[in-house]
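Visitor: Sharing a structure with you now.
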Amino acid sequence: MVMASSVKVVLGSIAFAAFWVLAVFPAVPVMPIGRTAGSLLGAMLMVIFRVITPDEAYAAIDLPILGLLFGTMVVSVYLEKADMFQYLGKLLSWKSRGARDLLCRICIISAISSALFTNDTSCVVLTEFVLKIARQHNLPPHPFLLALASSANIGSAATPIGNPQNLIIAVQSKISFGRFLFGLLPAMLVGLFVNALILLCMYWKLLSIQKDEEDATSEVVAEQDVNSHRFSPATMSHLSSLNSQEWNSRLESMNTQGSPIMNVNTPAQTETLRSRLALNEGEIHRVLSGTLDSARNSNVSKEAITDSSSQKKNENALSQRVLSMTYSQGKETLAARWKRMLWKSCVYLITIGMLVSLLIGLNMSWTAITAALALVVLDFRDARPCLEKVSYSLLIFFCGMFITVEGFNKTGIPSSLWDLMEPYSKIDHASGTAVLAAVILVLSNVASNVPTVLLLGGRVAASAAAISAAEEKKSWLILAWVSTVAGNLSLLGSAANLIVCEQAHRTPHLGYTLSFWTHLVFGVPSTVIVTAIGLILIR
């Protein structure tokens, strides 16, 4: 492509530089407006500077990519609602055999979940689980946080839905989901193993610390008690039995208090009167008055017995009502539990159906959107709370980035730079593949991986297509692998790294700061070795 006029080159470079600075450093003191606003600013400047026209800007927005991204995010929201990630978190500590076993589990679960549900989603959900488990085992968190972030990046390279740059590659290259998966799966599996091995070697001594069994067990039990406690029918019936016992004790006390009155012996008093006929009239009157008082008391005792029996009947009726209510509540709880299990099973089946549809080659964006809408209908309630969890800021970021990158391409700078590198980047030679990988690696860490894919994708594929169709496919897979694994080089290399760092720092009572240098010491050797191994295995 021929270079544009010098005015367009300068203005387009300024617009792209503004986008790049805000994308890499979203909190820059001069203009701390964030990545999303930065991408919109770059897009607006491209149009205002007349580097591209408004119609060209709208045409630059890739709707299939946005549709696929939106669909996968909605599916991830409903999977989280169906406790999928909670189950993954429990797998981390289930029958754990020590720190090294835990680190390997984190690597495997992070890679698998990232390949199926995107690396950003996995990192957002699993970071807090990893911090909790590290604390329960009295272990330093940073080896496990590095395992989570690096394995998420490596695992996400295997599928078109694993990360945003793979979405772009899959749509632009028209490579099917199955061919993409089987082309990168061997590299992902071996790279994951090597990455875990590097972590074990670097942190072998730290991982040798024995966990405090008693403390860990107590924390796990306490957490399970809080999460699993429910008002069950057994608990309610136990409370009703206590109430009935209390009422019985009260009734017994009432009967005990009334027993002396009940045992008044009226015939004995009459016999006393007969034996005392010789007494004076005043004494007779006193005895008769005592008899009348005792009679009155006996009537009162009969009324007390009647009242106590009626009260006992009321209490029995009350206890029966409580038991019937408890039984009905138990039936409702059981029905709700089965309904919840059925709904979760349907969510998992729809997700599996989406993955199968992608594997057999159906349109990826419409398949993801169809699965998302099926989950919305299946939920049978207002979808607004779930749809609000979708990262619309990310979708807007992509729109602005598409326009900004298209404008930068119009300046002719990327084409001129590629013309200089193309003779040395032929992928039919090992040296050419190494040069191409180095260019992608550097650009992915300088300009971020998604813009790198947008800038280089078409040119790398066109160069490889001149060799053969198979080499064209391989060039897309190399671009997907290197641009994704390049995110492990530094803390700023990928959004997944930043998410893990930010989530770990903000987690209540478990906050931990993963430093730039701690990540770099591990990231450089891991990225170089894993990238090289993947280049050998990609076919």
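For all residues, glycine too, the Cβ spot is worked out from N, Cα and C.
Sharing the feature lines straight out of TrEMBL:
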{"type": "TRANSMEM", "residues": "6-25", "note": "transmembrane segment"}
{"type": "DOMAIN", "residues": "27-486", "note": "domain 'Citrate transporter-like'"}
{"type": "TRANSMEM", "residues": "32-52", "note": "transmembrane segment"}
{"type": "TRANSMEM", "residues": "58-79", "note": "transmembrane segment"}
{"type": "TRANSMEM", "residues": "180-204", "note": "transmembrane segment"}
{"type": "TRANSMEM", "residues": "347-378", "note": "transmembrane segment"}
{"type": "TRANSMEM", "residues": "429-447", "note": "transmembrane segment"}
{"type": "TRANSMEM", "residues": "477-496", "note": "transmembrane segment"}
{"type": "TRANSMEM", "residues": "516-538", "note": "transmembrane segment"}
Visitor: For the transmembrane segment (477-496), find every same-chain residue at least 6 residues outside the stretch whose CB is under 8 Å from a CB in it, and list them.
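Guide: 24, 114, 119-120, 122-123, 149-150, 152-154, 156-157, 162-163, 165-166, 169, 175, 180, 183-184, 187, 191, 195, 427, 433, 436-437, 440-441, 444-445, 449, 452-453, 456-457, 460, 514, 516, 519-520, 523-524, 526-527, 530-531, 534-535, 538.
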Visitor: Among the recorded stretches 6-25, 180-204, 429-447, which has the greatest number of Cβ pairs closer than 8 Å to the transmembrane segment (516-538)?
Guide: 180-204
Visitor: Six or more residues out from either end of the transmembrane segment (58-79), which same-chain residues have a Cβ under 8 Å from its Cβ atoms?
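Guide: For the transmembrane segment (58-79), the list is 52, 85, 117-118, 121, 160-161, 164, 167-168, 171, 347-348, 351, 354, 364-372, 375-376, 379, 386-387, 389-391, 394-395, 398-399, 402-403, 405-406.
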